[in-house]
Amino acid sequence: MYSLQLFATEIPAMKITISKISPDFKTIVMGLFEDNETVNDGGVLQGKQVIDNIKQFSDFNGSFGEFFSTALPEEKNVIVVGLGKKDEWNENKELNIGGKIYCELSRLKIKKAAVLIEGSAANVAYGAFLRSFKFDKYKTKKDEKITEVEEITVLVKDEQLSNAERSFEHLRQEGESIFLARSFITEPPNILYPESYADHIKKELTKLGLEIEVLDKKQMEEKKMGALLGVAQGSSKEPKLVVIKWNGASKEQKPIAFVGKGITFDTGGVSLKPSRGMESMKYDMAGSATVVGVMHALAGRKAKVNAIGVVALAENAVGGNAQRPSDVVTSMSGQTIEVLNTDAEGRLILADALWYTQDRFSPKFMIDLATLTGAIVVALGNNEYAGLFSNNDELANRLIDAGNEVNEKLWRFPMNETYDKIIDSPIADVQNIAPAGSGGDSIMAAQFLQRFVNETCWAHLDIAGTAWHEKGTDICPRGAVGFGVRLLNKLVEKYYEAND
C-alpha cells in the first residue's frame, strides 16, 4: 500500500523575497553589462569601489554569466555577475542569470545574499527559484559537500517594490506548478503508478478548486477503450483515466483541452526495450505531468478560461497476459488497430484519451503531450526543440509563438495523406507503426493520433527530447524539466482567456 505522504511536493526550503534597496546585507550580488564601467548600485552599495577593484584585480568584462568577487569595507562581500551585451538582455536571460546566481552562491557556500539587478527583479528571483528545485527525499544522509542556499533577497527601488512583489508572486505560483510536474516525473515507479498517481492528482488539485474525476478499469471497459486497456493488460497495476476540470469562464464558453500520456513505467512490453537506459522509462509519464502542472497553474492564477485536462495512466509491463505483437484491438472510436510493436504504446493510450476528450467535451482545441518517439530526438537532438504536429495553422503558430516567448521552443513537422496511407493495416483499420524502412517515425506516430481526431483543432507535442535534461540548465537541475507548463500557461494567457 502506498502512502500519500511520500508524495509531498518538493517546494524548496529556500526563501526568496523582494525588498527595497538597503546596504544591510553581508553578501550582495550586482550585475554589470559587457564593456560597461558603471555598476548599478542603487546609490548605496559602493559601486565605484567595485569597478576599481575589478580593474585592479581582474580581467572581468561582463560577459554573460561571468562572476567576480571582491571584498569591501565593513566586511561586505560583493559578487559581480556579467549580464552580457545590453542590447541582447531579455526576460529569458533575466531568468538564466537568476539561476546562475543561485548556483554561484551554492558553489561559494553562501547561505544568504541580496541581489540587485535593476528592472529585472521578478524574473531574476524566478530564475533562482526554478533552479533551486531538489528531489532528495529518499536520501537518508545529507551530502555535506553541498551547501544549501537558504535565502535570497532581490532588491528594488522603493517605487518598484509593489509591482515587483506582485509579478514575482505570479511567477512563483507558476513555478510551484512546474515543481509539481518535476516531482511527479522524478518519483520511482514503485511509488508512482496509475492508482497512486491518480489519487495524488486528486489530492493536490482539489486544493485549488479543480474538479477531478477518475475512471477505473471497469468504466473504461464500459466505454470500450480497448487501445488503452490493451497496453495495461500485462501489468498488475490497473489503468486510470483522470479528468481535470477548471471552470474559469462562463458556461457558454467552449473549453480548451490538454491530453497527456501517462505511462508510469515502460518496459516496452513483449517488444522489450534494451536493459541499458530502461531506468529512464519512469519519465514516460512526463506528458501527463505537464498537463497536471498546467491545470494547476491555470487554477492557481484563476485563469478566465474553461479548461479540461485528461491524463491516461497505465504501466506497460511484461507478463503472461501482456499484449502481443500482431494483436488487434478495438479503440473507443470503433476503429481497429493492429499492434505490431508493443513498445509503440503511448499512441495507443492517447488514441482513446483523445477520442474520449473530443467526444465528451467538444473542446475549442486539443493539445496532447507525450514522450512519444525516440525519432524526435534523432531529428531535433536533445533539449533544444520539441516536435509539433497539428491540423490547424493558427493553433500551431500560436504554440510556436508562446514557446519562443518562454524559451520552450517547438519545431513543426509536416503531415499529409501520403504519410497517412503508410500506416494502413492489411487486416485492421490502422497499424500502430509504419512498415520497416518507411522512416519518419515521429510523423507516423502523429498521423496515427490524427486518426482519432475528427474535425477538432488539434496539436501534438512530442516532448521525448525535452522532458528531462541529463546535465541541467540555468533554471533546472539535472533531471525532470517540467517542459510545457510555462509554454501552455503562456498560450492560454496570451490567446484564450476571456476579456474583462
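The backbone N, Cα and C atoms fix where each Cβ goes, glycine too.
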Additional site residue, Asp266, Asp401, Asp420 [criterion: listed by Swiss-Prot with Asp343, Glu345 for Mn(2+) 1]: Asp266
Lys261, Asp266, Glu345 bind Mn(2+) 2 per Swiss-Prot; candidate in Asp284, Asp327, Asp359 listed for that same site: Asp284
For the recorded positions Lys261, Lys273, the one whose C-beta sees the most other C-beta atoms within 10 angstroms: Lys261
Under 8 Å by Cβ from Asp266 (Mn(2+) 2 binding site), counting only residues of that chain that are 6 or more apart: Lys273, Met281, Asp284, Glu315, Asn316, Asp343, Glu345, Gly346
Among Asp284, Asp343, Glu345, the one of these binding-site residues whose Cβ has the fewest neighbouring Cβ atoms within 10 Å: Asp343
Rounded Cα separation (Å) that holds between Lys261 (Mn(2+) 2 binding site) and Arg347 (active site): 8
Additional residues surrounding Mn(2+) 1, by Cβ distance to the Asp266, Asp343, Glu345 centre under 8 Å: Val231, Ile263, Thr267, Gly268, Gly269, Ser271, Lys273, Met281, Asp284, Asn316, Thr342, Ala344, Gly346
Those residues of the chain, 6+ apart, with a Cβ under 8 Å from that of Arg347 (active site): Ala370, Leu372, Asn432, Ala445, Phe448, Leu449
